[in-house]
Amino acid sequence: MFLTRSEYDRGVNTFSPEGRLFQVEYAIEGHKLGSTAIGIQTSEGVCLAVEKRITSPLMEPSSIEKIVEIDAHIGCAMSGLIADAKTLIDKARVETQNHWFTYNETMTVESVTQAVSNLALQFGEEDADPGAMSRPFGVALLFGGVDEKGPQLFHMDPSGTFVQCDARAIGSASEGAQSSLQEVYHKSTTLKEAIKSSLIILKQVMEEKLNATNIELATVQPGQNFHMFTKEELEEVIKDI
């Protein structure tokens, strides 16, 4: 006799008769409550743009980090439970440094994503990695960087599944943003056009008026390190949209 749905809910490693892991599905839905993030890959580099939700005028906007540097050639944008993201970010940073010390070369964007994916898959295991949790991570990540294959963009969801993308949106307005990306993206898109498109789409889906304090923007280009836009640089870019 099959258990009820609520009883399948309690076990993170138990499949339902329909072949579903409800806790993983809930985590995937949970990350959609986070702020919207957009990543676009071009031949000139990768851009990451994220909405920052300032819930109180007493909050310091600069203390909210939605885009972080993994290594000099890789950045990461997040949406969902930021505390969960910190664990995955730490894992990615440790992996890139260990790879450098061991092989004297930078780690590829795909390998970094794979390492983080392996940790995300270890939920509920007794002998798992020390960073693993007893439940799925409630966060989706966009890894953007440049390696020997050129500019790369990877999306990883809470199930640990990752896939390479030309352009991707995650977060609360991801469906509308993804539709807009499909309309504006083409293989010949320049980095400047990608930056402009990502901000225009964020402007369309954000509830508040877009300004230099409620978004974050970063780029990674061949031959150049990860670059996070300053408030002054953001104001210049926003003037053009």
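Placed from the backbone N, Cα and C atoms, the Cβ positions cover glycine too.
As written in Swiss-Prot, here are the features:
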type	residues	note
MOD_RES	Met1	N-acetylmethionine
MOD_RES	Ser16	phosphoserine
MOD_RES	Thr55	phosphothreonine
MOD_RES	Ser56	phosphoserine
MOD_RES	Ser63	phosphoserine
CARBOHYD	Ser198	O-linked glycosylation site
Problem - Sparsest-packed among the modified residues, when each Cβ's other Cβ atoms within 10 Å are tallied, from Ser16, Ser63 - result: Ser63
Handout entry: Nearest recorded site to Ser16 (phosphoserine) by CA-CA distance, among modified residues Thr55, Ser56, Ser63
Key = Thr55
Fill in the blank from the handout: Between the C-alpha atoms of Ser198 (O-linked glycosylation site) and Ser63 (phosphoserine), the distance in angstrom, to the nearest integer, is 22
Problem - Neighbouring C-beta atoms (10 Å sphere around the C-beta of Ser56 (phosphoserine)) - result: 5
Exercise for the section: Please determine which of the recorded positions listed here (Thr55, Ser198) has the lowest count of neighbouring CB atoms within 10 Å. Expected result: Thr55
Practice task
Give the helix, strand or coil assignment DSSP yields for Ser16 (phosphoserine).
Solution key: coil
Handout entry: Whole-number Å value for how far Ser63 (phosphoserine) lies from the residue listed as 'phosphothreonine' (Cα to Cα)
Key = 13
Exercise for the section: Tell me whether Ser63 (phosphoserine) sits in a helix, a strand or coil according to DSSP. Expected result: helix
